[in-house]
Amino acid sequence: MGHPLHNGNGSSPTNGASHDNEPGPSSSSSNGHASSSSIGPGSLPPHVLGSIQHVLPPGNLMYEDDRSWNEHPDVAMADDGKEGTDDELEVEDGLSHHEGRAISRKPTQRPGVGGGRRMPVEREEAVRLILQGLRDIGYHQSADVLELESGYNLSTPHANEFQSAILGGRWSEALGLLPELGIPISSTTSEPEPASSSSSIASGKLPKSKGTNSISDQMKFLISQQKYLEYLEIGQQKKALGVLRGELNRVAKDQEVLHTLSGFMMCLDKDDLYERAMWDGAQGTSRRQLLEHLQAFISPQIMVPSRRLATLFDQARRHQQLSCLYHEEPESTSLYTDHRCESGVFPSITTHVLADHTDEVWRIEWSPDGMYLASAGKDKTVVIWQLKFTPKESGGSQYSVVPFQHLKEHSDPVDAMAWSPDGKTLVTGADKNIYVWDVKSGELRPKPSSGSQHSDTISAIQWLPDGSEFVVASMDCKVVFYTPAGNLLRQWSAGSMQLNDFVITPDGKRIVAITTPLKRVSHNDKLKQSMSARPSDESETIGPVTAIGPNGGPLAPFQYATMEHSLAMIRIADHEIIDWSQDLRCETTSIKISSDGRKIIVSCSPDEIQVWSIDPGFRYLRKHSGHVQGHFLIRSCFGAPKDRFVLSGSEDGHVYVWQGSSPNPIEVLSGHTSVVNAVAWNPVAARRIFASCSDDSTIRIWQPPLNLDEMMNIEGNGDGIKVEDDGEEDEEGMVL
């Protein structure tokens, strides 16, 4: 539950619904802000505390040798200019001691001195954070001893009183303590407004707010807002109205916020208030959240932000995970040692070469459960492969792959396909025709009607997440919706916009597409639409170059390089374009969506993969480069749990892998002998298996390495072995 109407953040509670005239329970020891002078459960008796001696180490840093490091930063670097390891730096320390720059080696030296170099940390900050951590855990006796021994207090007495006032609902006391917390009080000239009926408030007749943007006004607003809501919670509408007009109106900067707050007076009961205000009441967490928001305005020298030590631990852990090139494990990492994943768990070894195709393989798609892989291409055949679990005696596990179905009734090369969400149906697209297949039997389901709804090449097929329909886009600017059996439901005309490829968000509400505008060009004195974005030859023209124009001269050829390439987000319910990107200034070839539906990757020519956020709208994040893409259509993908990797094929015959925000690849995998057209990571990401397909007519299955004798298992048509041809391959590929 968040505190309402303040930048969308929360501010919240402990126990009791007390107000200024109804003192509630104070909370003097929660969340690491207890007063060290209070004696309560867990506190040591006074005679024990009185025996604690104050210790004052030399200097003001956490470690004595940090001062030396700070004064002589050059010794923290190894000879090669890189930061040395702890072991190397200890050797340096030993040498320098003989030269007189010594750190005391007396037996009474406190532990921790003489370790590896580090950025200096102020002792006071370290001790106060440790104090807060101890109190957060509940080790109050240890914290009491540490405060006396170190001489540092977690919070000032005024800060402790302020915390107690907020958690106890003593609002006037809390406001009176603001100057003691270093908060300058701004003067306001407006006088409190007399209370009026709640109906006049609800009607919108509020006087204009006169608040400033000063820190004190912002804090007063948060406190008065909590006070107002708590009065409403216990049914004290008249007192709430007085707070609204006499306190909130004086410090609120936004009039709309006041009107929204006034609307809460019309709530039917407490539950209605909780729901409309997104607030959980005085008995919930709202006061605790309020305190945390108020702390943002108070110097940490006076009051340490809540759970600061835990926050630093979390930041350190996240930084190590983000810095780990191969990190993909969802579980947390230890704080004892620096985290590092080994590259050996990455699927970098070809375990199977699937060679049932007789020509270029353009497309591969895993079934939703990851147990089947469909491959298609220029030979007009779709092969469905089955994944089988294979336990190993060495303790690991890998998967074998065997042919399951061969779907051969296509009349043209296949370049579009999509699995149904239940994995029982596969829809394929070849030229202008769609085919609906029963996966288990391998049978083609009868076409509902003769002829095709598409007058140009089918560019992409996707299913709605609930499996109720599948959607087909084609280069004639049509988007057609079909039933699972292939019956026409409805179709859109995209006007002059071609959808070259598209994805559907996991909620089934939006289409995200890479698009180009459909140009109209002059051809034989007539306007003719430029249809397919895939020329059948190397010339990027429509019609013969020698065509005669209206003036008797040769007609200028149509140049695809002049076409704009953009992203479009389309709401499926009313097919409205709800977001649009500017020209990407590159030729887009494919699009993939992340498993959480929040990001997309767009493959672009030349030599680029762009990463975009699509939640709530388009926002460019970064790009990856290093691969080769200039002439052929290449399909990239996300990989690993939480989509930490981006993978792509390349025209140089390699598979490239990037991690996180790294612009350069962390892996370049060899194996294919020609253009790698597509890669696809198994949807059960934890399996660590992906596939790639190529113009060399093969599909490669990549898994983590186990033993050397298990690295390669080549499966083919006849005798189970495919012999690679070392000769020169024709550079055809899937032309853009």
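Just so it is clear, glycine is given a Cβ too, placed from its N, Cα and C backbone atoms.
Within the set 149-173, 524-548, 649-673, the record from TrEMBL flags 524-548 under the feature region 'Disordered'. Here the repeat 'WD' (407-447) has Cβ contacts under 8 Å with residues 362-363, 365-369, 371-372, 374, 376-384, 454-463, 465-467, 470, 472, 474, 482, 484-486, 734 of the same chain, all six or more residues outside its ends. For the repeat 'WD' (669-703), the residues of the chain that approach it from at least six positions outside its boundaries are 328, 345-355, 357-370, 373, 375, 377, 379, 385, 387, 398-399, 401, 595, 632-641, 643, 645, 647-651, 653-657, 722, 724-725, 729, 731-734, judged by C-beta separation under 8 angstroms.
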